[in-house]
Amino acid sequence: MEGFITYNPLNPFDGPTTADDPPPAYSDDASQTAKLAIDNPAFPGSAVYRRQAKASKHEEKLKITGQGTVAVLAPPKGYVLLCVELANPTMSKGIFLLVTETDCQIWWATDGKDLNTFDNALVTEKNPNKATWHLKAYEATYWLSLDLPHGIIRYGIGLFTVQSVLFEIRLKEYTNPGVWSWKEGWEWLQELENVTVWTGGESELAITPLPIVNDIPPVIRSGDRVSLDDLANGQFTVPENLSVECQKLYHNVAGVDVVLDSPDFPDFSSAIEYSVNTPGAYGYGLLKSKQGELGDDFRGTYLRITIGTDLGNSPGVPYVLEIWPAGHFSPIHDHADAYAIIKVLHGAIECTYYDSLQEDPEPNPIFPNPTVLKKGDVTWLSPKIYQIHRLRNLSTEGKVCCTVQCYQYGSNDTRHYEAFRWFKLTKDGSKEVDDFKPNSDADFMSFKNNIKEEWKKVLAGNTANQSAVESRSFAVFKSMVAQSAPENLSGLKARLGIQ
Ligand SMILES: [Fe+2]
């Protein structure tokens, strides 16, 4: 029964901070003026809300009785105590979660009396390292998801993803034909309504109406290319499921004509590959000049070819052609809390997503396996979801990867950070998080012209650096020429001994 056509709510803290949103329509509670309605892009119309004022005690109600995700953004102080109880009578039955620096316990109580632990047979520890369940040494989000249709209680820290689940408790069973039924004695959970949270310092509370069920995938596919199998597998999301910022960026670069090898320069990608792989060539020189910018390793370099100009709404220039030679990689980094869309124009790139950008504990991958993006694939990130990643070109055949990145700050972002933060691991083993100001190695049109001129010389058999033909790229270059096949390469092919 895995693979529903549903996704998790995006992070409810990732919403407007101005007070001009209308209060949620479902309540006439006067205190609603202190809260914000935040539309969940994954489920238009499904408002979530949070308090504007921080407090160390919150009282709220689930929007849907017995269902939702209760999230607490809490400081590294003392404890988080989260209670979800029946509305009437209060303190009668409920679920109680306590997180401290050294412990994490969940109980259920009936008749306002004893706290009971859940039978071990009901609990699945998704992360058996219980130290990871405890209060963090930094501000973090602690959440409890109540999945009414499947009767699953899930606890997690950090991102609102299935990958972040630390344990789950299953209180329904699947019975034929296709019905989930409460195990005996747990029916009262469907009446849960009142939420109370206490924290050791000032915290924020957010409640989404939907539980954590499926992760919204990092890869986008336009609706006209999604099949029933894709929907069933949950491998892609359509852009309409994403925030308006991501949708806008997506439609700017997803078009079929946003390609490298355009009619005016059909060998552009081959020419880039030659240029970055060949010592003495233009692209290789640019890369060499960057060595040391993000660590000492030459493989830690990539080219940022900017397209257009910085309009003040993105970290650096909003559109960037990034060029990743084979074996090259980025550090683990974030994106100035901006939204972004990345489209692969040539080759393939491995993308690993991380849970945080802390020095201690170090960033952890949020999926067991990295995502490999191929030519034509598009991925997305937002301030809270998939914000931190590392890119690597894993090609062992010298194949370059070219991607176009586009960035935009959220409309609610009133303090543009203007730098990417990256995880720096020095030779002596020390760790720090440093700023990288998004820069430009060349403007796109001048880069394209330079590559074109260089390629003309290559085709004429007149390389700028003859020894380059003997370089590490020779085999790659040779196979590239063999594959490109236009008749005007015949002279070069003959010289390289290609039939
Ligand atoms: Fe990135």
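Glycine is treated like the rest: Cβ placed from N, Cα and C.
Cross-referencing His346, His389 with the Fe cation binding residues that TrEMBL gives (His333, His335) picks out His389. Listed in sequence order, Ile332, His333, Cys351, Thr352, Tyr353, Tyr354, Leu381 are the same-chain residues at least 6 apart in sequence whose CB falls under 8 Å from the CB of His389 (Fe cation binding site). Around the Cβ of His335 (Fe cation binding site), the same chain contributes Pro315, Leu381, Gln387, Tyr407, Phe420, each under 8 angstroms and 6 or more positions distant in sequence. Same-chain residues that are not part of His333, His335, His389 yet have a Cβ within 8 Å of the Cβ center of the Fe cation site turn out to be Ser330, Ile332, Asp334, Leu381, Gln387, Ile388, Arg390, Phe420, Trp422. The DSSP secondary structure for His389 (Fe cation binding site) is strand.
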